[in-house]
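What TrEMBL says about this one:
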type     : residues : note
DOMAIN   : 117-540  : domain 'Major facilitator superfamily (MFS) profile'
TRANSMEM : 114-134  : transmembrane segment
TRANSMEM : 154-176  : transmembrane segment
TRANSMEM : 210-231  : transmembrane segment
TRANSMEM : 243-264  : transmembrane segment
TRANSMEM : 270-292  : transmembrane segment
TRANSMEM : 354-378  : transmembrane segment
TRANSMEM : 418-438  : transmembrane segment
TRANSMEM : 450-474  : transmembrane segment
TRANSMEM : 486-506  : transmembrane segment
TRANSMEM : 512-533  : transmembrane segment
Amino acid sequence: MQASVCAVKGTATSSISVGCRHRNRRSLLAASGLAGGFNKRSSLSLSALSLNNNGCMNCGISFCGQRAADSFSMGTELVRTAFSRSLPIKALSSDDDIEESAPIHPQRKSTGTVLPFVGVASLGAILFGYHLAVVNGALEYLAKDLAIAENTVLQGWIVSTLLASATIGSFTGGALADKFGRIRTFQLDAIPLIIGAFLCTTAQTVQTMIIGRLLAGIGIGISSAIVPLYISEISPTEIRGALGSVNQLSICIGILLALVAGLPLAGNPLWWRTMFGISAVPAILLALGMAFSPESPRWLFQQGKISEAEQSIRILYGKERVPEVMQDLAVGGQGSAEPEAGWFDLFSSRYWKVVSVGVALFFFQQLAGINAVVYYSTAVFRSVGIASDVAASALVGAANVFGTTVASSLMDRQGRKSLLIISFLGMAASMLLLSLSFTWKVLAPYSGTLAVLGTVCYVLSFSLGAGPVPALLLPEIFASRIRAKAVSLSLGMHWISNFFIGLYFLSVVNKFGISTVYLGFAAVCVLAALYIAGNVVETKGRSLEEIERALNPAI
């Protein structure tokens, strides 16, 4: 059975509220005005409502307390009527998918400027990729310089400290973004990134190096949570998929930059210090760039800063789109009188089903073996005569960048869900090919070539969907009051899975063999595709508010 999502439910915490601190008795007028905003025959729209000096709407679109009791029922009915006549929202099927229907507003081309601000935010994603990869080339040289060349345990701590502290950072990022806003959180995030880079560059002891990596890890953990969140919230609906994939593309670029930065190491063993020092430059640019970037309109609206939200919309989309975006924010419940969700709210019956989808996507992403493939790619390539680690890594990195670029062009046409399914099925086929190339005797003469082909196809498949889509999809499907914390929780699963895979992968390979492990990864990819087919919604072409109403009809 299909549940129609065509009305705002008549509750005291209705999404009609805009979160203003100053409430007004004219609730009925507010409801009538909101309904009129959705009726094409009415000239009254949300943007016409006057604002007081505190940035709150004088007509107070809010149903609260005994004062509004007499007008509550009639106001709710007006809004319900407006929705049923002019708001063709998608309905929810039994598996909570969203059926095709027209969006609330005809999509118009934005005249604002959003790309520079997406570019500034993507500096955080570039640092994410750079810090992950920079130690791979530098580890051998820094180990000699710090006199730990024979101590693999300490070398392991230098590598894994970043992953462990990134988990802490990812959980912290959501709370900071809710409390201080997206822009201020970016600027706060630059502090551990800059200090961490400085400590790694100047380290004379392994303890200093580990502390530097710990701070850098906290920084990239916060970035991993707030970069996709901010980009999703400021991007116009019609290109949100393409802009959202910039996050993953920037991570790939950061990895490639780290590989390129390591090229002088062979001739200059002390170059590893410069490699870590370079990472301070994007962190400084991130802090400076955010000083000139607009805050997320959705966060501003949620804080009751209506005039500031309108100004942000004007910068990002153009002044002609202010009325429709403000209407979306009002009806979507962005200014709801409900307080910000706490961590325990994520596990409530109201939200857990959709939160579990975010956690599962990152769990499948990591358990599908992407990091394991990267770890083992050098040995695979050497088996066919490619002895250069840099060449092997560059081939994998180039395939990742190419696939992500293709995905960005398909995101708003093909859709998120279909790309995820295609991606995981392609990864499963590639893993099966890799496994068979190591075990089937009939394929022995071609094992090297098939291994390289399987690795490249796997990375390409990953970059088409499993890589970029989860970070884009999560901010889209989470309700506004849980969005930041739910993204942080999901990213926490990413870092925890990443940490344990990096810690135990080689031990599992030694016990079961690489062929068996790759076969296990193939099975995980198939399970992921089945899970996505049954649980993930399609979000292309819909505003965040429309998606929220469809997934949370009772809000």
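Keep in mind that glycine also has a Cβ here, set from the backbone N, Cα and C atoms.
Keep in mind that TrEMBL annotations are predicted by a computer and have not been checked by a curator.
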Under 8 Å for C-beta pairs, could you tell me which stretch among 210-231, 270-292, 450-474 has the largest tally with the transmembrane segment (486-506)?
210-231
Ranking 114-134, 154-176, 418-438, 450-474, 512-533 by Cβ pairs under 8 Å to the transmembrane segment (270-292), which is first?
114-134
For the transmembrane segment (354-378), what are the same-chain contacts with Cβ under 8 Å, counting residues 6+ beyond its ends?
96, 346-347, 389, 392-393, 396, 420, 424, 427, 431, 455, 458-459, 462, 466-467, 469-470, 473-474, 477-479, 482, 486-487, 489-491, 493-494, 497-498, 501-502, 505-506, 509, 514, 517-518, 521, 524-525, 527-528, 531-532, 535-536, 551-552
Which residues of the chain, 6 or more past the ends of the transmembrane segment (450-474), have a CB below 8 A from one of its CBs?
224, 227-228, 232, 240-241, 244-245, 247-249, 252, 358, 361-362, 364-365, 368-370, 373, 377, 380-381, 383-384, 386, 395-396, 399-404, 406-408, 410-411, 416, 419-427, 429-431, 433-434, 436-438, 443, 486-487, 490-491, 528, 536, 539
Determine whether the transmembrane segment (210-231) and the transmembrane segment (512-533) share at least three Cβ pairs under 8 Å, counting only pairs 6 or more apart in sequence.
no
With a Cβ cut-off under 8 Å, give me the same-chain residues at least six positions beyond the ends of the transmembrane segment (243-264) that come close to it.
114-115, 118-119, 122-123, 125-134, 136-138, 227-228, 231-232, 235, 271, 274-275, 278, 390, 393-394, 397-398, 400-401, 404-405, 407-408, 411, 463, 467-469, 471-472, 475
